[in-house]
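First comes the structure, then the notes that go with it.
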Amino acid sequence: MYLAAGRSGPPSTVQAAPERPARRTRVASTVLALGAVSLVTDISSEMVTAVLPLYFVLQLGLNPLQFGFLDGLYNGVSAVVRLAGGHLADRRQRHRLVAGAGYALSAVCKLGLLFAGGSTTALSATLAADRVGKGVRTAPRDAMISLSCAERDLGRAFGVHRAMDTTGALLGPLAAFALLWLAVDAYDVVFLVSFCFGLFGVVLLYAFVPAHPSPAAATSRPSDLRAALRLPAVPAFRRVLVAASLLGLMSVGDGFLYLVLQKRLDLDTVYFPLLPLGSAAVYLLLAVPVGRAADRLGRRIPYLWGHLGLLGVYLVLFSPVPGWPLTVLVLVLLGTYYAATDGVLMALGGPVVPEKQRAAGLALLQSGQAVGRLLASVLFGAAWTLWSMQAALALAAAGLTATLLLARFLLPAHPTESA
Amino acid sequence: MTPTLSPRARVGAVSLAAVVLATFAVVYTVRAADRGGPATGSSHVTLDNTPGLYVRTADGKVAALSKGGARETALSCRRFYASGTGAVCLTTKPGIPPRTQAIVLDRSLRPRRTVTFGGTPNRARVSPSGRMVSWTVFVTGDSYSGGSFSTRSGILDTRTGYLVKNVETLQLTLDGRRYAASDVNFWGITFARDDNRFYATVATRGRTYLVEGDFKAWTARALRENVECPSLSPDGTRVAYKKRVRDSGSDPWRLHVLDLKTLRDTELAETRSVDDQAAWLDDGTVAYALPGRARGSSDVWSVPADGTGEPVRRARDASSPSMNAGR
């Protein structure tokens, strides 16, 4: 069908095109719009995440350990779904439609929680559907960001998007706690307000994000599955994919690092929910400056240096730094690591993937990194149990150092300055 | 393809959506807030003047089931247990971040001391004398993967005021050897008559153990495997507990009673899966909560402790049973 439209392009995409050269110094409106969608959606999802344990145990009287197990299972499913979502978006060049479907599914799941009640089956199904929604939307969204602005501005674009996204992640739990304070035990209020935010995110997406992020993409031939699967054969992409997956394999999950922190400080349980908010605040502050620096220096540099932040976390947890300084150091280093690697990896990998396979390529990168991180936590846990906390940390630090040296050679020096 | 709206029309449509959704959310929240939290009333029911089975009702109130029917106290608790000279009430306090409180009460159900910590209330116990108070909470963000949970247990000695917020520092002996690991979790502490010896569950590497603890020496040693949420009988000779009988996620537990001297197990007549710390009503009967018919509800049942007889429903829409023998 699109072939019949020929090179003239559908009229709906014309209006976005003339703005681009003139606005080069500013962040593309599509990026801001996607940032707003992510902000609102993250408020929606994080407010539910924050209260789910309380809801399961106190309101429904469920056994939370089983839900912990299910949660891990769903995270595995999410990687597979992400690849499918990426390819689907590429095939018809309908990134907005696929992302929108993912956002909408997750929004509806908030109502599902409301109606699932105490039924374990219904709750599991709702949570699984929510994960599917999240998996489906991520790659098309990042593809839209990377297609909506000039290559040289990619770092900043992702920085702006991730800063807005993290703002939502910060506000979500606070909003949920505030609602439960206003209306005691009213978990239905949390789910309903979360649904409203989720739905508003979908409205924002359809109102302000163009259907086709790149006018060229709208008219190009559809991508097929074989081409997407052959992506790792492209040398530049393969190098980024291997480096990201290997570094993921050396990246111990936050949950574990907070656990080490708690063990060392015997932190009061009241403050547990605040730890992720601390590193999110640092991420939020640094995302844009780091993104700009990435555009100037080349994305390889912040991406590699960002991992030094993670290495720093391993080392300070190992060191005799006491109490509050240790907590602050860990949160700052962890936030810096995320700011310098999360969006930057997309800016690093985006340009080496052909436009019409952008979503599938980014999905591969994200999944490679995610699977690596999952394995990293399993290995770290095994090392801790077999030997000791110190040994596990030392091992992780040594592994990360070696992988960083390897990644320095693997990553192309200027992958984005091909033009 | 959808027809493209002008920028002004799009802003208008989004604003309209925002106003509609915000109004909906605000109205719903305000109405929910009006539903009212636990009203703090007063009640003449105390442990002294009302003996009987105490439970937590569907609306979170603690009530005594005596011969004259159910009589509510003024307390709103997530978990409640009364024994000897006092009681404990676990409550949640909303806020940023939310907190949990263990309120230690005297026999008039007046607060004596309050301990504040994080987590989600799960188990609460008072020793037979009333001196030792213990509790367990679920804690998030404290585990291998982001979404899972672990437990934290605390003990308060109400005579000396000595408080242990996290019992994980106990010197643990497993299979005859000193044991330390990152994933050790304690839950369901139950004290003996001497206010020093106690029993609890320890979980590590996917296994659960019954441990016998010594409060003064601060040690604990494993007695046997696959014992969760122990509850010591009034005569101190047996432990009622939930045993994992199925590995699958559904209906994993069955109530058992373990003789501490012979370490012999008795399967109780209750065949349904019980996820609760049982409470002894007397030396021959244990009570526990089971999910009820309505969603999120539970009923209190009891069953003979020697494996005979059959379960009897003691109260509808109730949980957290404990026996107040009176004085």
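Quick reminder: no glycine exception, Cβ is built from N, Cα and C everywhere.
TrEMBL tags one of the stretches A:64-85, A:108-129 as transmembrane segment, and that stretch is A:64-85. Under the criterion of 3 or more C-beta pairs below 8 Å, with sequence separation of 6 or more, the transmembrane segment (A:327-349) and the transmembrane segment (A:190-209) do not qualify as touching, having fewer than 3 such pairs. Residues 247, 251-252, 257, 260-261, 264, 290, 294, 329-330, 333-334, 336-341, 344-345, 348, 390, 393-394, 396-397, 400-401, 404, 407-408, 411 of the same chain sit 6 or more residues outside the transmembrane segment (A:303-321) yet have a Cβ under 8 Å from a Cβ within it. Here the transmembrane segment (A:370-387) has long-range neighbours at 75-76, 78-79, 244-253, 255-256, 395-396, meaning same-chain residues at least 6 beyond its ends whose C-beta is under 8 angstroms from one of its own. Regional average pLDDT for the domain 'Major facilitator superfamily (MFS) profile' (A:30-415) in the model is 88.
Same-chain residues lying 6 or more positions outside the transmembrane segment (A:240-259) and placing a CB less than 8 Å from one of its CB atoms are 232, 272, 275-276, 279, 307, 310, 313-314, 317, 330, 334, 345, 348-349, 352, 364-365, 368-377, 380-381, 396, 399-400, 403-404, 406-407, 410-412, 415. Listed as Cβ neighbours of the transmembrane segment (A:31-58) (distance under 8 Å, sequence separation of 6 or more from its ends, same chain) are residues 64, 67, 103, 106-107, 110, 113, 130, 134, 141, 144-145, 148-149, 157, 160-161, 163-169, 171-173, 175-177, 179-180, 185, 187, 190-191, 193-195, 197-198, 200-201, 204-205, 208-209, 273.
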